[in-house]
Structures are given as structure tokens and as C-alpha cells.
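The next block holds one structure in the form of C-alpha cells; read it before the comments.
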Amino acid sequence: MSTHDQQGFLDFAIERGVLRFGEFTLKSGRISPYFFNAGLFNSGAALARLGRYYAQAIADSGVAFDMLFGPAYKGIPLVSATAVALAEHHGRDLPWCFNRKEAKDHGEGGSLVGAPLSGRVLVVDDVITAGTAIRESVDIIQAAGATLAGVAISLNREERGRGARSAIQEVEESLGVPVISIATLGDLVAHLAHDPAQTETLKRVEAYRAEYGI
Ligand code: OMP
């Protein structure tokens, strides 16, 4: 049973302009009536609060893991904020690391920064739509001889992946690990349904869900 506050998180994302409504072309080419831009949690207090939402969702999930990994670039502040919140609010001081996009050939070398990748690794990322980005993290973790324990994201868009199932289900089944999300498209629909001013947006989101949802 989840104890974290999905509706509070969505209010927070809308207030910060992170979650916007309009017309957006996704990485997959789909035209979406909403977009979640985690880069706009761009103040100290906003990032700290975001880290607490991630940490709570992770704690609620009960998933077992030994360390955290944030994929470059957007996963880097997310994983650091989550590591801080797990230590400060959940009594779990865990190692964490991130990758560089370009390998360095001098200085400390290597493409990983932070704690060495080992044991069961939880990936912290922003959004999964079609599941392309997450597969790169899996390659990095496996190349280091570590194991993927799961993936924690802000928003599960609950869209079909390459087949009939959702991209998240495909990731969960092909990789054999859970995907933890702070909020889902279902939570967003419930959120919009509570606000009479959002009737038109709700209609567009529901039409999009009918076309690309699961
Ligand atoms: P997939 O690789 O298709 O799973 O898409 C995930 C990536 O899409 C994210 O890491 C973002 O770069 C981007 N994205 C968002 O950030 N927010 C959204 O609401 C939708 C997308 C997207 O393009 O699908």
C-alpha cells in the first residue's frame, strides 16, 4: 500500500511549471497534450522536496537495493537529491553514482563518477515513455558487473511501448525488475477530474490515453 502523496506531488509539479499542458512532440514522435520537464524543479527547495517524494516512493515500494545510479544528464540531480532524502528521512545512507556522457581520457578517467557500481543498483530517472533511455543504464550497470534492482521515476506515462503492453511493463518483464513511480497518468487523470477548470485538458489527456495508453 502506497503512503506517498501522488496528488500533492502533481500539485507541486504543476505549480513549478514542471508539468504543463498544451501540445508537445515526444522523443517517440507522439504528440502529447502534456509534458513533464523535471529540469524545472530548479531551486534548492524544489529539488529537496522532489528528493523526498522519490525517497518516500522508493521506501513504500519495499524494493531491495544496495546503491543508486543516476543516468546523465537529467538523472544526476535526481539521484543526488534522492540519496540525500534517503539518508536524512529514511535512515539509509547509501552509495550513489552517475555516468558521464563522454568518457574522460585524463585525470580520474572512466565514465562513472561517485561510488563504484556494485551489488543491486536502483536507477533514478525522470520519465519513461517508450523505454529507450532506460536500456542504456542497464548496459552500464551490467558492464560493471552489477545488477539492476529496479528503476524509480517521477511520472509513469502508462503508454504502450513497442508492442501492445506498456513500455513500463516491457521494461519490468524484459529486465525482471520493478519500476517505481511517484505518480502515474491515472493519478494525473484523477487530479484533472477534480478541477472543473481543467475539463478541456482532461478531455485531451483522455483522448491521448485512448490512443497510446494501455
Ligand atoms: P523514453 O526513452 O521513450 O522512455 O523517453 C523518456 C525520455 O523522454 C525522458 O528521459 C525525457 O527526456 C523525455 N520526456 C520527458 O522528459 N517528459 C515527458 O513527459 C515525455 C518525454 C518523452 O519525450 O517521452
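Note that Cβ sites are derived from N, Cα and C of the backbone, with glycine treated the same way.
Caution: TrEMBL annotation is automatic and unverified by curators.
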According to TrEMBL, F35, F36, T129 bind orotate; which one of R100, R157, R160 is listed for that same site? R157
Per-state residue totals over the domain 'Phosphoribosyltransferase' (44-160) - DSSP helix, strand, coil: 46 helix, 37 strand, 34 coil
List the residues of the same chain that sit at least 6 positions away from T129 (orotate binding site) in sequence and have their Cβ under 8 Å from its Cβ, in sequence order, or write 'none'. L26, K27, S28, R30, R157, E159, A167
List those of the binding-site residues F35, F36, K101, T129 whose Cβ lies under 6 Å from any atom of ligand 1, in sequence order, or write none if there are none. F35, F36, T129
